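What TrEMBL annotates here:
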type     : residues  : note
DOMAIN   : A:20-253  : domain 'ABC transmembrane type-2'
TRANSMEM : A:21-41   : transmembrane segment
TRANSMEM : A:61-84   : transmembrane segment
TRANSMEM : A:105-130 : transmembrane segment
TRANSMEM : A:142-162 : transmembrane segment
TRANSMEM : A:169-191 : transmembrane segment
TRANSMEM : A:232-250 : transmembrane segment
Ligand SMILES: Nc1ncnc2c1ncn2[C@@H]1O[C@H](COP(=O)(O)OP(=O)(O)O)[C@@H](O)[C@H]1O
Ligand SMILES: [Mg+2]
């Protein structure tokens with residue numbers, strides 16, 4: 001447990017040190033929320049549009065997507081920090097230590113996920129200021145869904161970062177993945193209205209289940225597509241799988 | 001009893017053989033140095049011995065355990081200061097120490113006291129709450145040394161501990177290393193491309209070049225490969241100068257300018273005897289100079305090149321290369 005708690009502690013410490021960067025991190029989802037969400041919400045402010053979006057206003061429909069996007073973004077930043085550790089050499093210090101590497105990397109992923117969740121929470125609270133129909137009682141369980149997503153993508157980010165040499169390459173992969181995953185998650189328009197090939201992609205997109213699960217709690221059954229157990233089950237399995245891979249990868253890691 | 005035993009160690013990067021079958025042993029409690037120019041394979045060897053790189057063939061036992069078969073047992077017993085920085089720059093000196101201690105299984109007041117003691121030892125206690133990114137190179141190095149000592153390793157690896165530091169900081173760090181050896185009876189494996197560093201610190205030195213150990217021994221033994229120490233005496237009497245004779249004097253010549261040139265094994269030990277001898281024979285010495293072969297002379301003799309051929313500028317270039325490679 002030592003390696004786990006210590007590495008989690010380190011990630012949290014680093015986050016607290018770099019508080020000022022938090023602003024930078026949440027600016028992107030905030031732009032989407034305000035300029036995209038608020039903008040379209042006026043266009044969609046009529047009964048026909050409302051019926052497409054499950055009977056709620058557009059910002060309420062969009063909010064879970066913005067939350068999931070924030071988590072997704074921030075989880076990859078955790079991966080970037082692995083590359084930093086490679087470049088600034090701290091990774092060697094970890095690799096030479098007589099501690100369980102599996103535990104250490106798990107601690108790191110959990111620590112990063114807590115950090116990620118903090119950012120997600122900030123965005124979520126800001127969303128509440130704009131959207132009308134979100135349920136405050138859904139915040140805590142929504143954070144639970146967010147945590148599963150954060151763990152899954154942190155695990156993925158770590159595995160990817162361990163294989164990458166440069167920050168640029170890593171960031172490019174992240175940029176390339178981000179928009180399609182967001183668009184294909186049902187966050188911005190319902191999956192049911194998509195062409196069937198897009199629908200197929202949406203079904204294999206993990207973000208879909210995070211968005212849907214979050215909607216269960218924040219909006220209501222009327223806008224969801226899957227059963228809550230399906231959403232949670234898919235995310236939990238994915239988290240276990242991706243973290244498992246990260247742990248195995250880190251176990252084998254050498255320098256140079 | 002040996003702290004490190006290495007037999008026919010080979011390490012290849014792809015097709016390139018960086019370490020070409022080296023063998024050596026380091027005794028417990030000894031400071032052993034790898035001296036060699038850039039690219040000799042020193043860092044590669046250190047990384048193999050500290051379980052960070054897999055060896056290609058051969059065998060290496062560190063602190064009683066095989067680095068391949070029991071890496072965890074080796075890791076428990078070693079400390080290392082890497083050639084390149086390895087601190088968490090965002091965190092403070094104290095936090096870096098604390099995290100290291102926790103990972104190595106320390107905790108509570110014991111850990112707190114040790115951190116205090118070691119940060120005081122390397123004179124960083126007053127900066128303990130400063131993020132490491134604001135530290136100078138020398139301060140970072142000192143912190144790395146303190147950190148490597150925190151879990152009281154049996155064998156300490158120092159990979160170019162004073163590379164790129166100013167002379168004052170270097171001699172400072174040498175003092176720490178000497179104190180460490182004396183107070184903790186620790187085995188220290190050191191690599192360096194500075195001759196003075198190897199000479200100042202090491203009990204025994206292995207000279208490395210192109211992945212091979214080309215000579216090994218104490219500094220004195222190595223210098224004997226090149227030849228004896230040379231002493232020049234200027235005597236008061238310029239005429240009728242005679243050679244001094246004694247069994248420790250290996251050679252004697254009168255130079256055209258009247259000076260006496262003596263060859264001895266060890267000038268430092270021979271000089272007092274020479275003064276005694278001069279007194280006995282009523283010869284008055286008015287000036288003494290002596291020249292000892294340097295380790296650079298040894299390297300030159302063995303390879304035809306100087307260690308310093310590739311001086312500071314190359315060190316910098318190789319660091320930039322390292323950065324780019326990653
Ligand atoms: N990761 C690597 N991949 C390929 N070649 C390497 C790698 N690391 C070091 N080398 C090469 O191996 C040789 C020995 O390097 P190194 O062990 O760093 O030497 P030293 O520490 O004595 O300067 C050099 O020629 C270097 O370029
Ligand atoms: Mg080196």
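Counting begins at 1 with the first residue displayed.
Placement of Cβ uses the backbone N, Cα and C atoms for every residue, glycine included.
The highest tally of CB pairs under 8 A with the transmembrane segment (A:232-250), across A:21-41, A:61-84, A:142-162, is held by A:142-162. Sequence-distant neighbours of the transmembrane segment (A:105-130) (same chain, 6+ residues past either end, Cβ-Cβ under 8 Å): 3-12, 15, 22, 25-26, 29-30, 33-34, 37-38, 59, 63, 66-67, 70-71, 74-75, 77-78, 81, 136, 139, 142-143, 146-147, 150-151, 154-155, 158, 243, 246-247, 250. Long-range contacts of the transmembrane segment (A:21-41) within the same chain: residues 57-59, 62-63, 66, 69-70, 73-74, 77, 119, 122-123, 126-127, 130, 188, each at least 6 residues beyond the stretch ends and with a Cβ under 8 Å from a Cβ of the stretch.
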